[in-house]
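Visitor: Shown below is the structure under consideration.
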Amino acid sequence: MKLLKTKTVRRGLIAGVGLQVFQQFVGINTVMYYSPTIVQLAGFASNRTALLLSLITAGLNALGSIVSIYFIDRTGRKKLLLISLFGVAISLGLLAGVFHESTSHTPMISQVQTSHFSNYTCPDYSSAKNPGSWDCMKCLKASSPSCGFCASSENKLLPGACLLSNDTVKDLCHGESRLWYTRGCPSNFGWLALIGLALYIIFFSPGMGTAPWIVNSEIYPLRFRGVCGGIAATANWISNLIVAQSFLSLTEAIGTSWTFPIFGVISVVALLIVIVYVPETKGLPIEEIEKMLETRNLHFRFWERSHKSQEKSQAV
């Protein structure tokens, strides 16, 4: 294929498509699509509260895009990408730690509390050989049929009841001024998870949210720009589909506390890819970018080359 045989285009595609793929694989659309679910996994029981809190992430994402307009030409594309990915990795590490603590320290199941709703006890709990070892997370993982956790009326962190999950039981639980949990368990770390999500968006949006599109609009030779831009956009949406479809399955299979570290590791890999393969295009004319991609053999020196070129152009 002529497109890939051209050194300039091939190197541009490595950088451009790589950025578009990693934009999705660091997990942004899991946060945007499933933020109410993530908030509930962090220990917020109310659907309305989870939805309202999730609006914060949408607002921060929009604000970050506006901020990027100011910094993109002052800071540079590559530097903004590096700062963004570093912050994203730190934020994902924080989220992983919060969810690990949340899932490791959940309220126990009380036989007394559960027997209070004797007709609605979770079948798996009733047939368990050692029900005294059950906690909230084990209750929520019951699948035949699904079960929920009705928190203690005195304190949500005290032992509660493991019950069948349906609207009738939910209403009974709420009728006694108790909180009803079906996704996540009661936790004191919920607000830390919100802070982690907010930091994630604050770091992602100005850099990885906008810079990949800008770099893709600058990095290809004019005669191949339409085709290469289309390839990069296609890669972005395919990656979006993969991540969006796999997130809930991952959280169910390995837990939220292990899902976010996976995104964190991908963020670190993306950081290295940006350092090695993505050139700085700030202030460079199209001809200079094409020449840089054509003549440079060591990808990790792109950054150095672009800065030297920029200094020459400013001196002229």
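Glycine is no exception: its Cβ is also placed from the backbone N, Cα and C atoms.
All annotation found in TrEMBL is predicted automatically rather than curated by experts.
Take a look at what TrEMBL says about it:
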type: DOMAIN; residues: 1-282; note: domain 'Major facilitator superfamily (MFS) profile'
type: TRANSMEM; residues: 12-35; note: transmembrane segment
type: TRANSMEM; residues: 50-73; note: transmembrane segment
type: TRANSMEM; residues: 80-99; note: transmembrane segment
type: TRANSMEM; residues: 189-215; note: transmembrane segment
type: TRANSMEM; residues: 227-248; note: transmembrane segment
type: TRANSMEM; residues: 260-278; note: transmembrane segment
Visitor: Counting Cβ pairs closer than 8 Å, which of 12-35, 50-73, 189-215, 227-248 has the most of them with the transmembrane segment (80-99)?
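Guide: Looking only at 12-35, 50-73, 189-215, 227-248, the most contacts with the transmembrane segment (80-99) come from 189-215.
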Visitor: Are there 3 or more C-beta pairs under 8 Å linking the transmembrane segment (50-73) with the transmembrane segment (260-278), counting only pairs at least 6 apart in sequence?
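Guide: The answer is no, given that the two segments have fewer than 3 Cβ pairs within the 8 Å cut-off.
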